[in-house]
Amino acid sequence: MREDEGLSPPQYPGDDTRPTSRKELAGWYSYSWAAEVFTVCAMGSFLPITLEQMARDRGVLLSDKVTPCQATWKAPKQLSPHETLSQTLINALRYGRDVPGASQCVVYIFGVEVNTASFAMYTFSVSVLVQAVLIISMSGAADHGTYRKVFLLTFALVGSISTMSFLSVVPKLYLLGALFAIIANTCFGASFVLLNSFLPLLVRYHPSLLRGRNEISRQGAMGDDTWGNTSHDVNNVTTPLLRSAQVDNGTITENAARVSLADTSLELELSTRISSYGIGIGYIGAVLLQIVCILVVISTHQTTFSLRLVLFVIGLWWFVFTIPAALWLRPRPGPPLSCAQDGKQHSWPGYIIHAWKSLGRTVIRTRRLKDIMLFLASWFLLSDGIATVSGTAVLFAKTQLGMQPAALGMINVVAMLAGVFGAFSWSYISRLLNLRASQTIIACIILFELVPLYGLLGFIPAIRDLGFLGLQQPWEMFPLSIVYGLVMGGLSSYCRSFFGELIPPGYEAAFYALYAITDKGSSIFGPAVVGIVTDRYGEIRPAFVFLAILILLPLPLMLLVDVDRGKRDALALSAELEGSQELNAPTYGAVPCNRNDSESAVVQSE
């Protein structure tokens, strides 16, 4: 397809309607390859234990509040000439650390006693809070004007450099390490939201979609020329992959409806394929780097420096593979934000206020959709449980099972492989048992509940006397990581698609934005509560009680969701909003203000 074939006229200054190129897609995939390693290798494995270990190196034993914890860290033996790297890895998986068990340590932060494991959990909670506020606040500026790519590259640069900076953080500066972790996680989350905002545009201007759209338009030209004379709305250009049909004097024309449905089908198919490729490429890169990190940790004798070196490698990977994205990904500017009453361009505070007001409007409308509210409440708890269990498990394995960093890294590899398997197997299981999406999600919740319940078995005296079961031995972490991965694969596959069935047609962008905010903002609470429980009892195991409750709470909420009722309510709200001529918006959780008549006239004339 030629560059100018099927080219839509620009709808605003700077509008880039060129067909999506292979190089542009490669740039989009490149950033997924670059940044996914942070959430998998850093947040999922090495960052929590690095923060805990640096705090431990400056802490004292909980038992006497005097003995330095640094003295309790015994590095594994040096590699002997006759011991291969693979043998060392096997020993790490089998035996954990050389020191049986692990001593609980505390550190004093501004005079407050904090368990070293809690220190890592508190850091994660703060980073999620900052990330959620930043994502909402920047959404207006990111979706309007030329800021999208600039923000993406800026966050990638700051996040990768913050991760690499761990190499210079010595234990006595462990608070600086926490600051770097907060900055890195915040930048990662913000950059991925920006990356995902490119997806609708890559799909909309993809050559295959343009060809299909033109062919459908030609076929319907004899019956109705509405589609051919209707351009994309200015406020709709960065939006939802799903769009409502064109309306003519309040009535959806037959050809417009047919074209819109066909166009939507093509977009959904293409967006699913591109998104799946991006996720797959990101996870392949993460697994490869995770294995490299494990080998680096083993070859450098699993010291605190080993952990800092691994984080440097992760940050370097993030930085280097962002370069192709910087070179190949087009800016794809969004429409200017033209809602200021005085007609002037919005200032930065104006963009921020617009973003929060837009989110508020969507939340208010959500109150009228009972089933969406039930699902989002359930998803809020589920998402919090998923993130909290991951961090808690790694820190529990380190501080109470005494597992070495290499073994902790392998736990994550096993969980990821199980997640990939789960993403495919749950679909087969659902078809085999004729399960609806909601029933599959409920099955995942029940299976997920087994993880904290298994940890609670360690409180039963008879099981505790056995010396195994109930998470008393390092090897028990690996079967549980398989269960966790299977659950993750199922929930990630089904929750988003199930939520899509409840959304008012034509308002997907606003409600999926609310879904994403619920996902990203939920993890503020779980890690903080685990940290408080750990500080109170001096160990992590009692926090399994909280995790069991947190994972169980979504179950009754999900059982209350009525899909048929939710669809009816969504259609009713959509019809009401269409009647009032309100259009869905590109900003995070936005349903934008109406344009004035002069703006509408400009669009129609173009």
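A Cβ is built for glycine as well, from the same backbone N, Cα and C atoms used for every other residue.
What Swiss-Prot records for this protein:
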type	residues	note
TRANSMEM	31-51	transmembrane segment
TRANSMEM	116-136	transmembrane segment
TRANSMEM	150-170	transmembrane segment
TRANSMEM	175-195	transmembrane segment
CARBOHYD	Asn229	N-linked glycosylation site
CARBOHYD	Asn236	N-linked glycosylation site
CARBOHYD	Asn249	N-linked glycosylation site
TRANSMEM	278-298	transmembrane segment
TRANSMEM	309-329	transmembrane segment
TRANSMEM	372-392	transmembrane segment
TRANSMEM	406-426	transmembrane segment
TRANSMEM	441-461	transmembrane segment
TRANSMEM	478-500	transmembrane segment
TRANSMEM	512-534	transmembrane segment
TRANSMEM	543-563	transmembrane segment
CARBOHYD	Asn596	N-linked glycosylation site
Region pair the transmembrane segment (31-51) / the transmembrane segment (478-500), three or more CB pairs under 8 Å: no
Between the transmembrane segment (175-195) and the stretches 372-392, 406-426, 512-534, work out which stretch tops the count of Cβ pairs under 8 Å. 512-534
What stretch of 116-136, 278-298, 309-329, 512-534 shows the most Cβ pairs under 8 Å to the transmembrane segment (150-170)? 309-329
Other than its close neighbours in sequence, what residues sit by the transmembrane segment (478-500), given a CB gap under 8 Å and a spacing of at least six beyond its ends? 93, 372, 375-376, 379, 382, 386, 389-390, 393, 410-412, 414-427, 437-438, 440-441, 443-444, 447-448, 450-451, 454, 471, 508, 511-512, 515, 563
Among the recorded stretches 309-329, 372-392, 406-426, 441-461, 512-534, which has the greatest number of Cβ pairs closer than 8 Å to the transmembrane segment (116-136)? 512-534
Run the contact check on the transmembrane segment (512-534) against the transmembrane segment (372-392): 3 or more C-beta pairs under 8 Å, excluding pairs closer than 6 in sequence. yes
Ranking 278-298, 372-392, 406-426 by Cβ pairs under 8 Å to the transmembrane segment (441-461) puts first 372-392
When you scan the chain for residues with a C-beta under 8 Å from the transmembrane segment (406-426), skipping those not six or more beyond its ends, what do you find? 40-41, 44-46, 49, 88-89, 92-93, 96, 283, 286-287, 290-291, 293-294, 297-298, 302, 393-394, 397-398, 440, 444, 474, 477-478, 481-490, 492-494
Sequence-remote contacts (6 or more beyond its ends) of the transmembrane segment (372-392), Cβ cut-off under 8 Å? 43-44, 48, 120-121, 124, 128, 366, 445, 448, 451-452, 484, 487-488, 491, 495, 498-499, 502-503, 511, 514-515, 518-519, 522-523, 525-527, 529-530, 540, 543, 547, 550-551, 553-554, 557-558, 560-561, 566, 570
